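So the structure is just underneath, and the comments pick up after that.
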Amino acid sequence: MEEPIIIDNNNIESLSQQQHSTVTNIDSNAGNVLYIDKDMWWKLLYTMFITTGIGYLMAKRNSTSKFRIIKPIPVVILGYIVLLWCSIHHKSGTQQMFNLIIPNNPTTYAMYISVGLFLSAVGDFFLLYKRFFIHGVFFFLVAHISFIFAFTSSEQFFTPTVTALLVGIVCLFVYMYLAKVFPLFSKMGISKSLAIALLFYTSVIVTMCFTASVKSFLKLITIINNNHDIFSNIFSSFSFYASIGAIGAVLFFISDLMILVREINQLANGQVSTIRKLLGHGDLGMIVYWLGQFCIALSVTEF
């Protein structure tokens, strides 16, 4: 004869607590799995960025034209990472797995940065072919403008002081260009139309560097004001991320200048100094360019 089942309220309460503990542990473990997957996904993306960059440099060195097509891929990956960053850090844990694949809910800053990166990638593609050089430069010009929109996206950016400084710096740059660089181009046989186009292009780059620097400076001031310990804040990770966008913009500018140096070196028929050869080295220019784009992409983590 089977023994009767005795229902005890204490046993039910104990069982309920055990089930709740089990569910909690499962949720906790699931959260850990999500975190590990996210971490692995970032590592995979950064590995792809570095690997494709090295692959392009090797293909270029070995004159493998078929594989040089991977040149735009590193910057495309950076644009994708920027959008994913916003997706993951603005959603709850239960949605993170989906957001690891499909970007959504990006900030205004991230949108402008990612658009600039994707436009740069298109420019990289066109620059693979000499007959599309102008097309590539155009896409890079629009990419710079997109970065300017990102750096100035804050409503408090354009104060009278900042606006006056921006106008003054651009005017000074134009004057120096016309007084020093323009005559040099004339001696080298460069047409006036090309020299004027370069003036417009470099003016946009100078504006990008200035707006990125002002944005970083204002962010640093905010960080310092929130904590009176100035020295610890200056060397904190927050200050680093606040400054990284300006560093990236300057590196981007330097990479463009290195392209200009390389073109001038070619016109000089090899009669150039060792420093100019180094500055005009294509591989070094690409590394500086990728570092600049990486820093600009990394600036999205400030938000």
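Glycine residues also receive a Cβ, built from the backbone N, Cα and C atoms like all the rest.
Its Cβ placed at the centre, ASN62 (N-linked glycosylation site) has 10 other Cβ atoms within 10 Å. The N-linked glycosylation site feature in Swiss-Prot is assigned to ASN62.
Feature annotation from Swiss-Prot assigns transmembrane segment to 39-59 (among others); the stated evidence is sequence analysis.
Feature annotation from Swiss-Prot assigns transmembrane segment to 69-89 (among others); the stated evidence is sequence analysis.
Within its own chain, the transmembrane segment (109-129) has Cβ neighbours under 8 Å at 68-69, 71-73, 75-76, 78-80, 82-83, 85-86, 135-140, 142-144, 146-147, 149-150, 153, 293, 296-297, 299-300, 303, counting only residues six or more beyond its boundaries. The feature transmembrane segment is assigned by Swiss-Prot to 109-129 (among others).
Annotation comment: Swiss-Prot describes 132-152 (among others) as transmembrane segment.
Positions annotated as transmembrane segment by Swiss-Prot, on the basis of sequence analysis: 165-185 (among others).
Taken from Swiss-Prot, the feature transmembrane segment covers 194-214 (among others). Away from its own ends, the transmembrane segment (194-214) comes close to residues 137, 141, 144-145, 147-148, 151-152, 157, 162, 165-166, 169-170, 173-174, 177-178, 181-182, 185-186, 245-246, 248-250, 252-253, 256, 260, 296 of its chain (Cβ-Cβ under 8 Å, at least six residues beyond either end).
Summarising the annotation, Swiss-Prot assigns transmembrane segment to 234-254 (among others) and lists sequence analysis as the type of evidence.
Sequence-distant neighbours of the transmembrane segment (278-298) (same chain, 6+ residues past either end, Cβ-Cβ under 8 Å): 49, 53, 56-57, 60-61, 74-75, 78-79, 81-82, 113, 116-117, 120, 147, 212, 241, 244-245, 247-255, 257-259, 261-262, 264-265, 272. What Swiss-Prot records for 278-298 (among others) is transmembrane segment, and it gives sequence analysis as the kind of evidence.
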